[in-house]
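*Asks:* Below: one structure in structure tokens.
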Amino acid sequence: MPDQEPRTDESTTGRKPPRFTPAAPSGLKRLWRALSKRPDTGHIGVGLLVGLLAFAAVVQVRADDDEALANARRDDLVQILDGLRRQSERLEDQVASLEADRRDLVSGADSETDALKQAQERARVVGVLAGTVPATGPGIIMTITDPDHRVNSVLMYSAIQELRDAGAEAIQILGDGNDSAVRVVHDTYFLGPEDGAMNIGGTMVEPPYNVVAIGDPGTLAGAMSFTKGIVSRIEDQKAQATVTEYNELTVDVLHEPQPHQYARPAPEDEDD
Amino acid sequence: MIPLAGVLLGVLAGLAFDVSVPLELQPYLPIAIVAALDAVFGGVRAVMEGIFNDKVFVVSFIANVLIAAFIVFLGDQLGVGSQLSTAVIVVLGIRIFTNVATIRRLVFHA
């Protein structure tokens with residue numbers, strides 16, 4: 001704006017303009033001169049206003065720091081409120097779905113616990129049957145002293161069969177002669193005796209034998225000692241058999257189940 | 001010299017006194033600050049162009065602030081306060097940009 005130059009360029013007349021610089025003094029020079037000029041009473045108003053602006057700006061910035069919502073307009077507040085309401089609805093939906101999930105999981109865990117308990121109970125029952133867990137209860141111990149080794153496997157098998165018929169639920173045979181012990185299960189076989197020891201399910205058991213059976217003691221004892229029964233047949237072989245009833249017995253010899261080679265569980269029926 | 005001292009004094013006073021903005025002034029203060037900033041940048045530009053006049057500055061400063069505040073007030077009364085304040089901010093922002101661009105050209109010759 002060359003037409004307004006003459007007002008403030010009184011000191012530029014002696015200055016030779018360098019290349020590519022306008023003939024008038026540069027803006028920075030003018031700014032510096034204005035700043036370093038002797039104070040002018042007319043500038044007091046300018047200073048006051050600029051100071052007021054700085055003060056207001058600082059106050060506003062500081063107010064914004066602590067009360068963000070206080071300066072908001074009604075429309076903005078309504079918008080913020082709307083946003084918050086939508087957010088809270090979303091969060092409530094989320095809470096509801098999470099609670100439903102939690103209920104499902106809790107009830108699922110409950111039914112799973114029930115199923116687990118039932119399965120464990122069944123495993124215990126089946127384990128007693130299969131000889132894989134110890135069993136305890138009332139029963140009898142039949143002690144067979146057989147110094148001449150004349151009680152053979154057939155007789156022993158008959159005794160076990162009688163015990164099973166009488167409702168024996170868990171049976172073990174202890175050979176006191178060589179401290180051996182066998183749990184009698186469904187696939188236990190009887191061989192011998194050979195060299196004074198009977199092969200019971202693969203274990204050599206030497207007499208005297210202790211046959212421990214858990215079941216109703218009276219029934220089991222009766223099944224052993226009826227006329228022409230097991231006890232009398234054993235005594236026919238010049239051996240001694242004594243039956244003692246107990247209120248509490250433990251069958252604690254365990255049977256190692258072998259994996260089945262051919263049989264595998266058939267799939268259950270769909271409607272089962 | 002005096003304006004610089006004024007800026008310093010104003011900042012120090014703002015930091016020293018914990019003044020809370022009066023409630024009825026709260027919607028107008030930000031707009032007024034932006035309007036004043038526009039006036040200040042215009043003043044700096046005028047200084048660098050050599051056409052600065054303190055009377056013009058004082059009048060334009062006060063007029064800017066009052067007009068901006070009045071427009072916002074009017075908008076609030078008409079129910080379009082936020083839109084009008086946005087409009088004022090945009091216009092003032094454009095003016096500030098123009099002023100700063102001119103200052104930049106005067107400083108860097110580019």
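Our numbering is plain: 1 for the first residue shown, then up by one each step along the chain.
Every residue, even glycine, has its Cβ placed from backbone N, Cα and C.
Since this is a predicted model, take the numbers as computed values, not measurements.
Sharing the feature lines straight out of TrEMBL:
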type: TRANSMEM; residues: B:26-44; note: transmembrane segment
type: TRANSMEM; residues: B:56-74; note: transmembrane segment
type: TRANSMEM; residues: B:80-98; note: transmembrane segment
*Asks:* For the transmembrane segment (B:26-44), could you work out the same-chain residues 6 or more beyond its ends whose Cβ comes under 8 Å from its Cβ atoms?
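*Replies:* Residues 52, 57, 60-61, 64-65, 67-69, 71-73, 76, 81, 85, 88-89, 92-93, 95-96, 99-100, 103.
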*Asks:* For the transmembrane segment (B:56-74), find every same-chain residue at least 6 residues outside the stretch whose CB is under 8 Å from a CB in it, and list them.
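*Replies:* Sequence-distant neighbours of the transmembrane segment (B:56-74): 27-28, 31-32, 34-36, 38-40, 42-43, 46, 81, 84-85, 87-88, 92.
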